[in-house]
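According to TrEMBL, the protein carries these features:
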- 289-306: compositional bias 'Low complexity' (COMPBIAS)
- 316-327: compositional bias 'Basic residues' (COMPBIAS)
- 328-346: compositional bias 'Low complexity' (COMPBIAS)
- 54-182: domain 'Cytidyltransferase-like' (DOMAIN)
- 287-353: region 'Disordered' (REGION)
Amino acid sequence: MEELEHTCPQPHTTLTEPAIFAKETSCGCRAPHERLTIEQARRGTPVDRPVRVYADGIFDLFHSGHARALMQAKNLFPNSYLIVGVCSDELTHKYKGFTVMTEEERYEALRHCRYVDEVVRDAPWTLSPEFLEQHKIDFVAHDDIPYSSAGTEDVYKHIKEAGMFVPTQRTEGISTSDLITRIVRDYDVYARRNLQRGYTAKELNVSYINEKKYRLQNQVDRMKEKVRTVEEKSKHFVYRVEEKSADLIQKWEEKSREFIGNFLELFGPDGTWKQMFQERSGRMIQALSPRGSPSNSPPRELSPLRSPSPPSLWGHAHHHSHAHSHARASSPPSPKAASASISSMSEGDEDEK
């Protein structure tokens, strides 16, 4: 019997194109597909074909929690081929509820995830043995929390019992329900924003009264934004004025210090101006002074109020004093000379009588 080689599609090695759809390129390998055990898959055997891992879901509002779960599924084994099943709108609305994104949008979101090798459109809600055999699935990856739906406590119960289930971890803090809750909580904000962007009230399913209320609120917000813009511009202008003022003050202080220094250098106690003034004053005094000034002061003249001494009375004494003037300069007469003068004066008087 001829032994057939595996021609299963290989995992993506480049990320230049989106993942393929399963319907277009179903695994047409003619070699018999023998399911692997977890031990074999973890060892990377068989080497001639990859381990085919399947993960399914709704993937509405595709987010990082979805991508992390697919990353874990892709990296469960050394050589994995990840097939992702996406349920249609009909099944989702029937068993779970209304979706934000349509099925085509959800298909395309999965095709552009880097960890996905193949996308199965209109995936079944419950995995049947026929479906597993058709896509030659070795393992099913999903979080380990029991998923109750379609009248069963856990839709993956039979997969776990068959040893084909491999658990992944959920990412806390992010889920489709969380995102929808945020939208519902902030509904007025998003409705006002979309009205402002041009959507009609009918498209947003907004009543006439709410439409007018939202538009009024948008006008108020625009006015507030204008006020904030004016305030920011005013702050910027004031900041520039303060900056320019600081520069001017600094330059003024520098010029003032320079002016004061120059002034002190010119007019200070030991400044240039004082030295020049002293030099000029000395030259002017020297120029105005006479060349030969007398060494002695001239004799004082006799005051006209004083009457000259009578010659008769002082003539004799005057002659005597004049005789002694060359010996003594302006010395007062002695008592003896005075008495002799008086006696001679008395004798003269007696002769006249």
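Yeah, the Cβs are placed from backbone N, Cα and C, and that goes for glycine too.
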Practice item. Would you report the average pLDDT that the model assigns to the domain 'Cytidyltransferase-like' (54-182)? Key: 94
Point to revise | Secondary structure tally of the domain 'Cytidyltransferase-like' (54-182) (DSSP, helix then strand then coil) | key: 45 helix, 26 strand, 58 coil
